Structures are given as C-alpha cells and as structure tokens.
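Below you'll find the structure, written out as structure tokens, and then a few comments.
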C-alpha cells in the first residue's frame, strides 16, 4: 500500500491556468483598433468543395439578409439593396478597402468574401478601424462576409444585382484532379452571368500564374454571355489599376518585379449571346470531357 501511495503521489498532474488569467486574455484586437496581421495568419488556401456547413446563409433566399448591418452609408435605400461589387477571395481586404475609396459610395457597395474565418475577422476589424479613423466618413460602403461562393451565391445575391466581380490571385489548383476547385469554370461562369447586370456587369481576373491566366481567358472567351474588353477599354477602367496595385498578392508581385496576367469581361445581353463556331460550349464539360445535351 505504501508503494502504491508513493507511486500515485509522483504522477504528474495536469497544470490548469487560473480562471482569472484565462479571463484576462481577452480578444486579440479591440473593435476600432487596427489589427496586426501576424495574429490572423492562416493557411493560404482551403478546399472549397469540402463539406462544411458552418457558414451563415439564408435558406429562404437573399431577400432575407439584413444588409444594413454591413453598410452604413447615409442612403438607407441603397443599404437595403445589398452589395453590387464583390471581391471574391478578398484575403486581407486590400482591394475591398481600396475600392471603397475609389468608387462613389453613393453608387457602389463593396463586399469582400472570404472562406477562412481568421482572415475574415481580420478584414472586419480592419474596416472597423478605417471607419473610426475617418470618423465614419469613409469605408461605410464596404464590408466583409465569410462564405463559400462556389456553393452559396444563390443564397446571397439576386439576379442581375452585381456590377463588378473580382477574382484576384486565386488558388491555381495546379493538379488536374483539383481543377474542379478553380473559381473560374464553365459552370461557375454561367452562375456569375446570372448575377451580373447585362451590359454593365464586369468580371475581373488577375493572377501571376500564366497557366491559370490562360485557363481564365479560355473559359471566359468561350462563354457566350461574356465579351472580352479591349486593351483600351481596360486602360480606361480605374478598377484594373486597383486590382494590380492594392491587393496584398499584387504588392508582392510588384516588389518581386514579376509579371501579372489579367483580363476583364463584360456581361452581354442574353439576345447578344454567341457561341464560337470552333467550340460547342454546351458540349464542353468541365475539363473538356463531352457531356450529353438535354433535349
């Protein structure tokens, strides 16, 4: 018995922090203070097709979203309408914040969409701090939401409600088996066309990976509801320069003096849609695999 008591007394006990210390830890950043990026680092990418039902989204459609919680401009009617500019995969929010200053706030409402929880929280705190610095005179027309746009866009946005959609430096998903994870594809382009306003809506793609750029251009050029903008048209679009210079990834590319590849496409009217004679778009599968037409 003595030996048993001795052995039991020498067993290491689990150290538990006092409740007072745990309580004093608090949040990393207080609302209104600029967050430090080093506390919100996350994996660069994640699998958008993995099952995850932790996202908040209305199951009864976009009309039941309270957009006033996101936008606080003076025009309440515009706030009810929700966003008309999306920065999909917004990362740490560089472009989202830049567009809020660049575009007229009485006309445009910018929403950054990000799949990673920690990064989304960083952008939320960043926008709150920028609003506070400007005494709520700026950045009231931008916000951020955590979501998986490859799955939930129909739950969030109405038909023809968007004017600009940005895809800046998305995950290349180099392996062929991972190509279904790419944010630009035939199926998703049809979805984006549904949400973009005809003759006004524009889709922006930029990357530093040439193979991915070629994929973007091939898919967008082949889609009957998109028209590629000319070089002159892109030069006259202030958003093109912003997506090159204001995103965190874009700044890295500029510092490295590396090359960027980009394209801009306009949503055409349904009656203007065309199909390239060399590509039967509706016969072309996600990866060039033929699919049967439904009569």
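Heads up, the Cβ atoms here are built off N, Cα and C, so glycines get one too.
Note that TrEMBL annotation is computational and uncurated.
According to TrEMBL, the feature active site maps to 171.
What TrEMBL lists as S-adenosyl-L-methionine binding site is 89, 114, 115, 148, 149, 168, 247, 248, 249. In this structure, residue 149 (S-adenosyl-L-methionine binding site) is part of a helix by DSSP. Of all Cβ atoms in the protein chains displayed, 22 besides its own lie within 10 Å of the Cβ of residue 149 (S-adenosyl-L-methionine binding site).
Marked as region 'Disordered' by TrEMBL: 1-29.
Within the same chain, the residues at least 6 positions away from residue 247 (S-adenosyl-L-methionine binding site) whose Cβ sits under 8 Å from its Cβ are 91, 94, 95, 168, 169, 206, listed in sequence order. In the structure as shown, the Cβ atom of residue 171 (active site) sits within 10 Å of 18 other Cβ atoms. With residue 171 (active site) as the anchor, the candidate binding-site residues are 89, 115, 249, and the one with the nearest CA is 89.
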